[in-house]
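K.L.:
Per TrEMBL, transmembrane segment is recorded for 21-42, 78-103, 109-130, 192-213, 225-246. Look at TrEMBL and you will find 93-212 tagged as domain 'VTT'.
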Amino acid sequence: MEGREEIKGSKPSFPLTFWEVAVASTMVFGIVLGLVGVYLTMPASDYSFLKLPRNLEDLQILRDNLESYTSDYTVQVLVGYCAVYIFMQTFMIPGTVFMSLLAGALFGVFKGVALVVFTATAGASSCYFLSKLIGRPLIFSLWPDKLSFFQAQVAQRRERLLNYMLFLRLTPTLPNTFINVASPIVDVPYHIFFMATLIGLIPAAYITVRAGIALSELQSLGDLYDFNSIATLFLIGVVSVTPTLMSKTKQ
C-alpha cells in the first residue's frame, strides 16, 4: 500500500488548468476555422505576394497588394492577419514588428492599435500555454542567466507582481519573447500575465502602428524608436512600478 501511495503521489499532474485549456483550445479552433473561411471566400487570384515580410521592401510590396483586398474583403484580411500574427507570436517567429507596421498601413491608428494589442496578447497567451507544457528545457538551455534573474525578481515582487510585469512590458528591460516563455516557468499567474500584456503593449503598439501609416518614409526599423519614444516608454514603465518601490520603502 505504501509503495502504491508513493507512486501515485509522484505521478505528474497536467500542467494546464481547465480554464487555460479552454482558452488555448478556443484560440486554436478560432484560427483554424478562420483560415478555412478565408480560403473558401477569397476570389481566385495570384497570391504569390503573400509571404512573411523580412524587410521594409517586402512589407511595402505586401501593403500595396493587400490595400485593394482590404476594402472589398475586410473580414477575410482581418482574420488572415490575426491568424498569422498569433501563429508568429506563439512559435516565437521573428518579424511581428513588420505585422504591426502593416496594421497601421492598412487599418489606421485606432483600428491598427486595437488589432495589434489583441493579436499580440492572444499570441503571447498561446506561447505562455505552450511553454507551460514543454518550455522548461528550452528556456533553461537558451536563457539560463536571464531566467535566474527573472525568477529572483518575481519572487521579490509577489505582492505587486502586476506592476512589475507592466514595467517589463512597457520597457525593453527583457525581451517580450523571453517574458512569454519564462513567465509560466517562474509561476507568474496567467491572469497577471494577461493583464500586463494587454495593457503594457499599448504604448509600443501605438508607436509602431503610427509609423506604419507613413510606411514609405521609413528608411529602417531604427527610425521607429528614437530617443524620445524610448524615454517615454521608460517613464511610463517607472510610473507603473512606483507603487512597488514605495511599498518596499515603507517596509
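Residue numbering: from 1, along the chain as shown.
The backbone N, Cα and C atoms fix where each Cβ goes, and this holds for glycine too.
The shown structure was predicted, so the numbers you read here are calculated from the model rather than taken from an experiment.
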K.L.:
From the DSSP assignment alone, can you count helix, strand and coil residues within the domain 'VTT' (93-212)?
P.N.:
101 helix, 0 strand, 19 coil
K.L.:
State the residues, same chain only, that lie 6 or more residues beyond the ends of the transmembrane segment (109-130) and have a CB under 8 A from a CB inside it; answer 'none' if no residue qualifies.
P.N.:
16, 20, 23-24, 27-28, 78, 81-82, 85-92, 96, 99-100, 103, 176-177, 179-181, 183-184, 190, 193-194, 197-198, 201-202, 205-206, 208-210, 212-213
K.L.:
Residues sitting near the transmembrane segment (21-42): Cβ under 8 Å, six or more positions beyond its termini, same chain?
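P.N.:
Residues 69, 73, 76, 79-80, 82-83, 86-87, 122, 125-126, 129 contact the transmembrane segment (21-42) from elsewhere in the chain.
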K.L.:
Can you check how the pLDDT averages out over the domain 'VTT' (93-212)?
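P.N.:
It averages 92.
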